[in-house]
Amino acid sequence: MQEKKRPQPGFVATLSFTVSAPSEAVKTTVWPHHSSKDSGSVSSSDIFYDDADHHFSIAACGSFLWQSENLAQVAKQSGVGAALAEAYRTEGLGMVGSLRGSFALVLVDFQQQRILAATDRFGTIPVFYRSDGQRVFVATDLQDIAPEGAEVEVSPQAIFDYCYFHVVPAPLSIIPETSKLPAAHQLLWANGARQVSPYWTPDFNRKLSPEATANKQHELQDLLRNSVQRCLVAAEKPGAFLSGGLDSSTVVGMMAENGSEGQAYTIGFDADGYDEMPYARLAAEHFGVKLNEYYLTPEDIVDSLPLLARNTQEPFGNSSLLPAYYCARMAERDGVDVMLAGDGGDELFAGNERYLHQRVFRPYGKLPRAIRHNVIEPLADRVPASMPLINKLASYVKQAKTPLPERLQTYNFLHRFDLAQMFQPSFLSAVDTEHPSALLRELYQRPLHGSELDRMLYHDWQVTLADNDLRKVYFACRMAGVHVAYPMLDTDLADFSIHIPDEIRLKKGRLRAFYKAGLKGWLPDATLKKTKQGFGLPFGVWMREHRPLQELVYDSIAELRQRNIIQPAFLDESVKLHREGHASYYGELLWILTYLELWLASR
């Protein structure tokens, strides 16, 4: 398969200074990848602004929403770059906190000798940065600021965290001494000092009453319509991902209601329990939208997996990247310039099973501490493996005594295996094995106020969305050569979701209860009752039967043995577990190991 070579929105910025004259900004360059002037449109994917007095320069990509009528007028008359410049003149470094939309930006201030960079609330566009002691580099593409010359090293900690999260989580990057901004964060680098801080954290403390919420369901539909409409403003020929689930069906329906002639794109799998094509067809027919279909095959994985590994900026273990790429590629061949994606609805309106699952552990926490610690837990630790029923109770106790958010990682591979048997000793000695858990705890505790559910949602905005699902769609569309917009992550819609109380979001123990009530009668009943899937790839199932796919994986595993990262015995055990155990579960393990090797080999 030939990969696309098409320029994508982005920027690179460099701030240089001399050690002998730190007060003097010697060289500063800021430029977008394929545009040197602001297009003047309200929503622009490439924005550049150079202050008339050469005091500062701004580069940005994405789309912006303006709370200020003044800034909205400036954007309309003079372009988005001029509006960002006006925001900086009037608000200074506080400008980022007032911005809304889906964006990444960098500002270099010559007079103040500082560089300011930020990504939006959900981190839809990555921003990387590093310094070599003389210069600061900021870019949307990691390769643009990678050290020049010799072969670039990779960070052992980033590889360890990749094995834990299946992605490299912010603020790490795969390159040592190079970082990426977490969602809703800004970077300020001035006079040699670096400061990275959140410019927005949700205020979960202002919940509506259940009575007031009952009148908000019609408002939900209005917000959804407005968010889709905003995403369509800059699209000449829009399209949309359609898995057949709640969010993608909503986006497609709102796109159709808007009068757009946009088409929908979906992927099917000829594997039991994986194919959602009937639901995608149902939604498309319900809203009168043309549906473009493709059935993915094991041959497609063999053909495309090396291509994906070459084109993701870092190792990326979410196998849904491949069907997302095939969807985006279909759309690009049809001339689509902007794809609408439904990501984010489950994380805003409580649609993931783990949110409900945590409730089953609440009764245990109400037992007297002495009974839990001195009686139940010691007994649970001694249960022999030959007693399956009692083992289930012991598993319950083990999970119940594990606090959130660590409990959410119960089935993580790195908690299921002995790390000393999984990783090479020299590799393990170079990493902090507690770093992933510490990162999760910091995210979970960051909101000043919030219920257990609120904190899990915020945790997922950073981990599930910014680091994983949004990056998946970003990479897929980037490779295919189309832009992407996320209506479900609209600022107004996100702010609205924050105020819905827990007992309404999960009314009567039902996921997405408020959302489904608001869309009842508009979405098909079968869509509202459908369980969550979302382009899950039957990689592990197919690998048991498809010889070329096995060869790709086994060859990659053999090469990975030589890298002094994973213990050879563990690689052998992983292959054996997949052959003899749960094909999907252990297939995921083989996917992340295979992708890691293919990514490393491509560098």
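Placement of Cβ uses the backbone N, Cα and C atoms for every residue, glycine included.
Taking H, G and I as helix, E and B as strand and the rest as coil, DSSP gives the domain 'Glutamine amidotransferase type-2' (84-145) the counts 19 helix, 25 strand, 18 coil. Sequence annotations record features per position, and here TrEMBL assigns domain 'Glutamine amidotransferase type-2' to 84-145.
The domain 'Asparagine synthetase' annotation in TrEMBL covers 219-600.
The local packing around ASP343 (site 'Important for beta-aspartyl-AMP intermediate formation'), expressed as other Cβ atoms within 10 Å of its Cβ over all shown chains, amounts to 26. Per TrEMBL, site 'Important for beta-aspartyl-AMP intermediate formation' is recorded for ASP343.
Looking only at the domain 'Asparagine synthetase' (219-600), the predicted model's pLDDT averages out at 95.
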